[in-house]
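All remarks here apply to the structure that follows.
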């Protein structure tokens, strides 16, 4: 295990030790090229509107890749240049849920997608 993974583990362990924050994502999906996918992330254990929600992905054999984030309070968004025009991040404050929609899917979009507070 290299130092970067140790740091990530320690941060995750410290966060989990002091809270009951939970982020529950929708399940796996299979899509055809050119289609769109919308992933949900339901938050609990904290005030949803007080934090930003980030979306990252990890393709097979690749590093984590940041896609964008949303300010859950005011709805402002910022996207990675790489995904600009294809990704849309939204939120429903009444349901404490964030959404990430990726359009014009291609084979290179095969990945595990994560939300992160």
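Using the three backbone atoms N, Cα and C, a Cβ is placed for every residue, glycine included.
Database features, via Swiss-Prot:
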type	residues	note
SIGNAL	1-19	signal peptide
REGION	20-44	region 'Framework-1'
DOMAIN	20-117	domain 'Ig-like'
DISULFID	41-115	disulfide bond
REGION	45-52	region 'Complementarity-determining-1'
REGION	53-69	region 'Framework-2'
REGION	70-77	region 'Complementarity-determining-2'
REGION	78-115	region 'Framework-3'
PLDDT averaged over the residues of the region 'Framework-3' (78-115): 96
Other CB atoms, at most 10 A from the CB of residue 115 (disulfide bond): 24
